[in-house]
Amino acid sequence: MKLLLAIAGLFLVQTLAEDVRAHEESSFLAAVAPEEQRACIKEGEKCAGDCQCCGKWSYCSCPLFGALGCSCIIGDAMVCVRKKKECRTSDVMNTPPGGCFSSSKRRHGR
């Protein structure tokens, strides 16, 4: 019976320690400077979501369900459309200027 109480006590202490650790982690993340939260990630670097990747056509790719890690890669115009709906930061969507389907090449004569 004492062994059961000791195990229950250790479980309670472990649970409380995890709660405190999670609270400290969330308060640390809230204290991160706003510039660091808004900074975008260049292609080839590790990411956690599409809105972190710089450029309107770049997105966060996680091959093999993230087993190899996730990184920003170049996408297409549909990535731009999706990011316009999901992402709130302007520095992610500002390069290159123009719409999602814009092209610098103009067709002449047709």
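In case you wondered, yes, glycine gets a Cβ from its N, Cα and C as well.
Since this is a predicted model, take the numbers as computed values, not measurements.
Feature annotation from Swiss-Prot assigns signal peptide to 1-17. The disulfide bond feature in Swiss-Prot is assigned to C40-C54, C47-C60, C51-C87, C53-C72, C62-C70; the stated evidence is similarity to another entry.
Of all the disulfide-bonded residues listed here (C47, C62, C70, C87), it is C62 whose C-beta has the fewest other C-beta atoms within 10 angstroms. If you take the Cα of C70 (disulfide bond) and the Cα of C53 (disulfide bond), they are about 11 angstrom apart, rounded to a whole number. Most other Cβ atoms within 10 A: among the disulfide-bonded residues C40, C53, C54, C60, that distinction falls to C53. Each of the disulfide-bonded residues C51, C72 was scored by how many other Cβ atoms lie within 10 Å of its Cβ, and the smallest score goes to C51. According to its DSSP assignment, C60 (disulfide bond) is in a strand. Of the candidate disulfide-bonded residues, C40, C51, C60, C62, the one lying closest to C72 (disulfide bond) when CA atoms are compared is C60. The Cα atom of C40 (disulfide bond) lies nearest to that of C53, taking the disulfide-bonded residues C51, C53, C87 as the candidates. Proximity to C60 (disulfide bond), judged by a C-alpha distance within 10 Å, picks out C51, C53 from the disulfide-bonded residues C51, C53, C87. Taking Cα separation as the measure, C53 (disulfide bond) is nearest to C47 of the disulfide-bonded residues C47, C62, C87. Here the CA atom of C54 (disulfide bond) lies 16 Å from the CA atom of C62 (disulfide bond).
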